[in-house]
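Now, the feature entries from TrEMBL:
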- 18-37: transmembrane segment (TRANSMEM)
- 57-75: transmembrane segment (TRANSMEM)
- 95-115: transmembrane segment (TRANSMEM)
- 144-167: transmembrane segment (TRANSMEM)
- 194-215: transmembrane segment (TRANSMEM)
- 235-255: transmembrane segment (TRANSMEM)
- 267-287: transmembrane segment (TRANSMEM)
- 324-342: transmembrane segment (TRANSMEM)
- 354-379: transmembrane segment (TRANSMEM)
- 399-425: transmembrane segment (TRANSMEM)
- 451-471: transmembrane segment (TRANSMEM)
- 477-497: transmembrane segment (TRANSMEM)
């Protein structure tokens with residue numbers, strides 16, 4: 001292979017100031033956990049216990065703020081703002097969107113803790129003195145609490161912030177973008193690099209620990225099916241390699257083809273598995289406990305949210321080992337899941353985003369945890385006579401022991417293993433996609449070898465950590481880093497609120513009183529154009545004739561006033577022409593007109609009072625601007641009318657530029 005061919009194959013879009021420090025930190029920490037696993041685990045556990053003991057109140061307060069913040073945005077006037085331009089549409093169907101965010105956000109955890117957590121709370125309740133008849137009810141309550149609205153509010157804060165700044169203000173899809181309101185262009189410097197390094201390392205370690213611990217459950221399932229004789233390290237190597245090969249192949253194929261299809265497949269398989277347990281399990285008991293459990297959770301929501309067990313010393317250890325650990329774990333995963341949710345949420349409104357992200361996955365979690373958890377408790381009490389409780393501290397095998405009390409046990413084991421595999425693949429797949437994005441400042445397309453590189457690195461380090469016993473140390477360190485990232489998330493909330501206030505004021509800004517009366521008197525021409533149906537060639541002629549002449553005349557007049565403007569023409573993705581005035585510190589002023597098709601309703605086609613309406617698709621000249629505002633139809637304007645409209649927009653642009661509060665929108669972002 002010659003030099004030119006080699007350089008083409010290994011072309012990269014990595015940002016060196018982000019990728020190289022991240023790789024150095026990832027490798028250094030991994031080696032420390034591999035070669036000094038016992039010392040690392042002891043030291044990190046000591047640090048974790050001190051943080052959890054003394055700062056548990058801060059974790060509780062942070063998560064509470066995140067919940068309240070999202071609810072406030074959803075019911076406020078900001079809820080109607082789109083994550084993108086005002087006329088942008090979602091890239092994915094609602095089902096595909098929900099399936100992808102669900103697979104990335106919870107995925108494997110549902111299989112791991114679906115039976116395990118409820119049984120753990122049932123076997124060892126938070127209150128040791130709890131009456132036997134209340135243990136199952138409280139076990140369900142705390143499972144709902146840990147997997148409900150609070151968990152998804154953590155993901156929602158990061159996802160919403162990054163989606164807003166990425167799609168509304170054309171910033172890179174990276175954590176640094178969430179700091180634009182307070183740092184402005186400095187996000188492209190050292191501080192932005194530091195934030196992205198933190199996000200990249202957190203994403204890598206989160207996926208590595210999940211891959212390492214999850215392979216243990218997969219191997220346990222394969223043992224139960226007699227596919228492998230034992231859950232040894234050699235077989236775990238094979239499992240990781242197979243999963244990662246599929247994940248990398250999926251990542252290379254693209255987000256829309258890979259993760260989308262796998263997520264849709266997996267949500268269907270998961271629902272089928274849940275329905276099987278519901279039908280062949282204690283159906284009436286499950287439905288009754290779900291209804292009562294949901295009410296119990298809602299009625300205790302406020303007290304659960306703020307409870308720090310300050311007056312219940314005997315429950316504080318349980319509180320640290322469960323609630324605080326969960327809040328730390330969700331926060332540690334927030335950079336990865338938040339970035340992925342942001343990536344797939346373009347075109348949604350803020351209200352739609354919040355309601356969907358908070359309620360739909362949480363409701364499914366409640367149903368899942370009830371079907372599996374409550375069934376396990378009922379079986380343990382009435383059939384197994386305590387045999388399932390024995391496995392409460394071993395969730396790796398608990399699920400497969402649970403299946404032995406149902407018909408078609410082998411089928412259930414196979415289906416659950418398939419679901420676990422696909423959840424692993426989607427987590428690794430989307431993780432590779434996100435790591436590529438962070439390491440390249442939000443680049444949309446990355447060379448294929450970079451996906452292979454992340455897959456190989458994830459496989460090697462997760463297997464090395466698993467073999468050396470250093471995986472637990474890495475997990476503990478990840479939990480410790482959750483606290484500083486929780487503070488970063490608090491700043492993201494502040495920045496997002498500040499930006500939304502500016503956005504709302506900007507969009508509500510009207511034309512100045514001096515321009516309201518700008519008009520021309522050619523109303524007959526206006527009427528003729530309004531009632532005449534336009535074909536594509538008509539609009540092309542309008543752009544090349546009336547619009548272009550208006551722009552050319554205006555460029556000349558602007559030059560006389562020492563303002564340099566130029567005209568740009570485009571043929572793809574649709575025919576367009578624009579007038580642009582460039583600035584160094586401000587966002588360029590841009591007034592463009594593009595050809596846009598619109599489908600005509602059958603009702604209008606049949607109307608007698610629209611004699612010229614005989615086309616199923618009509619075309620219009622629609623304006624667009626340098627900011628995110630929605631354009632409008634100008635086909636009825638004459639040359640002078642277009643000039644007046646451009647000047648009206650330019651006057652608005654200058655007026656807004658003079659107000660410092662609008663820097664977020666008026667300044668360039670790259």
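Including glycine, each Cβ sits where the backbone N, Cα and C put it.
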Proximity of the transmembrane segment (235-255) to the transmembrane segment (324-342), 3+ C-beta pairs under 8 angstroms: no
Long-range Cβ neighbours of the transmembrane segment (194-215) (under 8 Å; 6 or more residues past either end): 15, 18-19, 21-22, 25-26, 29-30, 108, 112, 174-176, 179, 236, 239-240, 243, 332-333, 335-336, 339, 420, 424, 427-428, 431, 434-435, 438-439, 441, 457-459, 461-463, 465-466, 471, 474-475, 477-478, 481, 484-485, 488
Range from 57-75, 144-167, 267-287, 399-425, 451-471 with most C-beta pairs under 8 A to the transmembrane segment (324-342): 144-167
Within-chain partners of the transmembrane segment (451-471) [C-beta distance under 8 Å, separation at least 6 from its ends]: 26-27, 30, 33-35, 37-38, 40-41, 204, 207-209, 211-213, 215-216, 233, 236-237, 240-241, 244-245, 247-248, 251-252, 428, 431-433, 435-436
Close approaches to the transmembrane segment (354-379) from elsewhere in its chain (Cβ under 8 angstroms; 6 or more beyond its ends): 70-71, 73-74, 79, 94, 97-98, 101-102, 105-106, 110, 114-115, 117-119, 122, 136, 139-140, 143-144, 147-149, 151-153, 155-156, 159-160, 270, 274, 277-278, 281-282, 285-286, 289-290, 293-294, 297, 341, 348, 388, 398-399, 402, 405
For the transmembrane segment (18-37), sequence-distant contacts whose Cβ falls under 8 Å of one of its Cβ atoms, 6 or more beyond its ends: 193, 196-197, 200-201, 204-205, 208, 438-441, 457, 461, 464-465, 468-474, 477
